[in-house]
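Comments concern the structure below.
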Amino acid sequence: MKIVTYNVNGLRPRITQFGSLAKLLDSFDADIICIQETKLRRQELRADLVIADGYETFVSCTRTSEKGRTGYSGVATFCRVKSAFSSNEVALPVRAEEGFTGLLESSQDGKRTMAAVAEGLEEFSKEELLKLDSEGRCIVTDHGHFVLFNIYGPRADSDDSDRVLFKLNFYNVLQKRWEHLLHMGKRVFVVGDLNIAPTSMDRCDAGPDFENNEFRRWLRSLMVACGGRFIDIFRAKHPDRRDAYTCWPQSTGAEVFNYGTRIDHILCAGPCLHHDNNLPGHNIVACHVMECDILSQYKRWKDGNSYRWKEERTVKLEGSDHAPVCASLLEIPDTPQHSTPSLSARYNPKIHGLQQTLVSMLLKRQAAEDSAPCKKSNSSSLGNLGNCSQGFNGSFDNGDQSGDLPSESCSLTNLETEDSLLETGECSGGSYAKEAACKTLTTHEPLHAKALPENPTRKRVRRCSQMSLKAFFQKNSVVSNDADSSNADSSISKGDTSESNSIEIPRSNTQISDSGRQLEAYQGQSQINATPEKEKSGVAMLEWRRIQQVMQNSIPLCKGHKETCVARVVKKQGPNNGRRFYVCARAEGPASNPEANCGYFKWAASKSRHK
């Protein structure tokens, strides 16, 4: 069987990159795929994001409301199986658990189990444990022959004492859990982005004190070479390989020169599956691991890509800033028949299918009806509108311009007629009756819909793409007052402009010709008004170009290559937050490479403005 771990740096963009979740998973051709940093909140889980045919899915999302942590992490384990019920497949877990403390959801063989502190963690308080499990960083699946921990380890800068303490507690509790399982005779696999590079060989720019970091010392203490029980499978298979990295800074283009770090791991501990597992040289890696490697084909930058600094700085590389790691196992026997645990996404009603709210349902109905062809005749629409006209709150005769919605006396037949009238998205013929319906009727609203506030200045949403004569006269009131009097002018009085109920369609040639003159006058006035607007726009464009030129001239050149620098802004909290600076535009790489970033740095004159 094959196990893959991959920090996707957002599951949605990876699904978009591959076309679908199934295509993403199938590209690995693996039995168990552990994903980290899904960046999905619980309310954002949808079937197309976490459910794929042929896979059982187990997800964990962040539960904290702490600023900057919602929708940030998240892990998911996908198990490729032929059958989710009465199966002997090792990839199908017999038990699954969200988190690693035992206080979140867990299930075994299709049944949920009571939440309780996991064995071996009794010395910690529930508050401490719940805090560690609140960021959606772990999924535990028991596959019979081994227990698999899918982990997204916390990141902590050395000057952030709160996150350093959180990371210490996180791994301390995890270690307690692993030790208890190993004491019970279980085999343990730990996979994922641990955010720890164990040795200087696993970091491109490791300094002399690199390995003295407390987290690196802790990780090395778990290894067999330092008296622990775990084996770093990749390093066991490739003990001397250098420049083997799994993560590269995404903002500096470090993939170009492979200037990265190895923080994605597959660790394992426990005896082999042979009956004589106590024999010298027998362990799970020596007996059951065929290969472990980094899938470099998933890197964002590949040979043949254009360099970022050659007039292509805006080109964004597609993919995660991590590369997957895979391990191939041998001689893993089948398990007793079992069914998928109830923690699987297939049993979660909030995930299965596309969960609809009333709002989303109405929006979909509206979109469908807007795009459908008109199925009812104009005559029937006008007839039914006549029956509905008396149901308006505040008649047109009273000169009310509030545009109130129809009252509850409007029958279902009338509402259906309104829908049919508005399905085409335009008012053919420009008739007053249809224009009034399009301007006042609101589609897809319940019969008890509230009237809009009576605000005469409030704009009503137009459902018509064609301007009517009435709307023309309302917008061009200044021009119509100066024009010659005509039958059309006299027929539209002050009360009519406030949407009179007794609207008649003008039919005489005189009315039509006068309306044409009004339109010509309106167009002429628009052209006159447009001239100063164009002048203002031209002046603004010239000024903006001048500002851009000044900004371009103020950008310094890096000293190493004499090339234009790129501007960046400090986003980290602190005294320099929001301050702009300039750096060399080339990709980050080793100092010995003259083609790499020269390390130039310069503060800008002033801080950037916050929005």
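The backbone N, Cα and C atoms fix where each Cβ goes, glycine too.
Marked as active site by TrEMBL: Tyr152.
Annotated active site, proton donor/acceptor per TrEMBL: Asp193, in sequence order. Sequence-distant contacts (6 or more apart, same chain, Cβ under 8 Å) of Asp193 (active site, proton donor/acceptor) comprise Thr5, Asn7, Gln36, Glu37, Ile151, Tyr152, Gly153, Cys247, Ile263, Asp264, His322.
Residues annotated as active site, proton acceptor in TrEMBL: His322. Around His322 (active site, proton acceptor), taking its Cβ as the centre, 26 other Cβ atoms fall within 10 Å, counting all chains.
Here TrEMBL flags 480-491 as compositional bias 'Low complexity'.
Residues or ranges marked as compositional bias 'Polar residues' by TrEMBL: 492-515.
Per-residue pLDDT, averaged along the domain 'GRF-type' (558-607), amounts to 83 for this model. According to TrEMBL, the domain 'GRF-type' annotation covers 558-607.
Remark: secondary structure over the domain 'GRF-type' (558-607) totals 0 helix, 17 strand, 33 coil, with classes taken from DSSP.
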